[in-house]
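Engineer: One structure coming up, written as structure tokens, with questions to follow.
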Amino acid sequence: MQVHERSHTGGHTFQCNHGNEKKAPAAGKVHSEGGSARMSLLILVSIFLCAASVMFLVYKYFPQLSEEELEKIKVPRDMDDAKALGKVLSKYKDTFYVEVLVAYFTTYIFLQTFAIPGSIFLSILSGFLYPFPLALFLVCLCSGLGASFCYLLSYLVGRPVVYKYLSDKAIKWSQQVERHRDHLINYIIFLRITPFLPNWFINITSPVINVPLKVFFLGTFIGVAPPSFVAIKAGTTLYQLTTAGEAVSWNSVIILMVLAVLSILPAIFQKKLKQKFE
């Protein structure tokens, strides 16, 4: 016996078979899916190379650095890398304000677009380099734009990956999205504040399960603010930190939990009122 779960997403259908029977896929279908995956990979690599070329141009017009400083200009992988990078950027920030800002902006968006680790250290660095209001706006904007570009990338070429490797998880999240469809922006904000779903998973599956881009961007822009607040505040004491984990205290965790609950309260009240009047 077969039980089918379906989630219709923009002309595409998720389908899972539960049971002991498994039908062998038709040869034509396998060939078609293989060709689609190869084409998607080719497009993805082309887009990545174009983005990498933009990054190269940005750093080509960066201020001339010494060999020692050039070694420190890299995506931070730990707190020591972040401190070294912060030292170099702070040296040139006042004289080459626009160049440093553009380099920070493009790097952050590049990492977010291609789901490359390291943006947490850039969030911490923003608190070290810039005044708090500018740093918070910059991180929220970069996160919103980078996540939206990742969304668009998934919309263009990521569907075969989602269908092949993440279909079960995507079906479950699709069901959650449908339950929260009337207050979707609150749900996206809640997910961005909390660690229940990885950000990369939210980014690449959202277009497949019909989360509107506008709602996705606004929910991300607002939702990343509370955790970014914590990282930016930690950045003001950058040289006292030894790991990224030290940026998060129990007080900040409690505050994030409270904000997460507040973000979903309007949806809960709306649902209760709707049930009452029905």
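A Cβ is built for glycine as well, from the same backbone N, Cα and C atoms used for every other residue.
It should be emphasised that the depicted structure is a prediction, and the values quoted were computed from it without experimental measurement.
Not my notes, these are from Swiss-Prot:
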REGION    1-31  region 'Disordered'
REGION    127-238  region 'VTT domain'
TRANSMEM  39-59  transmembrane segment
TRANSMEM  96-116  transmembrane segment
TRANSMEM  142-162  transmembrane segment
TRANSMEM  184-204  transmembrane segment
TRANSMEM  212-232  transmembrane segment
TRANSMEM  249-269  transmembrane segment
Engineer: Using DSSP, what's the helix, strand and coil tally for the region 'VTT domain' (127-238)?
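Structural biologist: In the region 'VTT domain' (127-238), the DSSP-based counts are 93 helix, 0 strand, 19 coil.
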Engineer: If we skip the immediate neighbours and take only residues 6+ beyond the ends of the transmembrane segment (39-59), which ones have a Cβ under 8 Å from one of its Cβ atoms?
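Structural biologist: Sequence-remote neighbours of the transmembrane segment (39-59) are 73, 102-103, 106-107, 110, 113-114, 153, 156-161.
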Engineer: Check the region 'VTT domain' (127-238) for me and report the mean pLDDT.
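Structural biologist: In the predicted model, the region 'VTT domain' (127-238) has a mean pLDDT of 90.
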